[in-house]
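Chemist: Here's the feature list from TrEMBL:
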type	residues	note
TRANSMEM	6-23	transmembrane segment
TRANSMEM	44-65	transmembrane segment
TRANSMEM	77-97	transmembrane segment
TRANSMEM	104-126	transmembrane segment
TRANSMEM	132-152	transmembrane segment
Amino acid sequence: MWIPMLSLTALPHVGGIFGGLITRKEVKTWYTRLNKPSWRPPNAAFPVAWTTLYTGMGYGSYLVWKELGGFTQDALLPLGLYGMQLALNWAWTPIFFGAHNIKLAMIEIVMLTGTVAATMVSWYPISRTATLLMVPYLAWLCLATSLNYCIWRDNPDPKKDY
């Protein structure tokens, strides 16, 4: 059981590593020129937070997978929602930092937050522990959504009228 546990716990970090490659360059250039709220976390907090959150959600997915006997018919909805939120999570960084599309990133992060909430609802009857492991992630997403909104609001782009 070590291989599935380690694999499912590590899986979210894959997208985080690729996202980090995009963010690393842009946080020193484009991101510094944006108007940001005074309450935003320091840049150094983000890698620490995401490492913790990715580990928690990954281990939570393992608990659900284990409880449902693997990738079974019963696992389709809870792990499908999890996979969807993971894909949305991984997509946000290229949209925001890569394409510099703050408005689209705002729409995307709202969809992500809703999908995380739906994932948690689907996990609760299966594993309360797995659901609780997602609580810090949902809280962080609420902060990130607020931050994304403030950056979008405070940095109008007259060339992009979507």
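Placement of Cβ uses the backbone N, Cα and C atoms for every residue, glycine included.
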Chemist: Using a Cβ cut-off of under 8 Å, list the residues of the same chain at least 6 residues beyond the transmembrane segment (104-126) that approach it.
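Modeler: 60, 64, 67-68, 77-78, 81-82, 84-85, 88-89, 91-92, 95-96, 134-135, 137-138, 141-142, 144-145, 148-149, 152, 162.
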Chemist: Between the stretches 6-23, 77-97, 132-152, which wins on the count of C-beta pairs under 8 angstroms to the transmembrane segment (44-65)?
Modeler: 6-23
Chemist: Residue list, the transmembrane segment (6-23) vs rest of chain: Cβ under 8 Å, 6 or more residues beyond ends.
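Modeler: Apart from its flanks, the transmembrane segment (6-23) reaches 46-47, 50-51, 54-55, 57-59, 61-62, 65, 86, 89-90, 92-94, 97-98.
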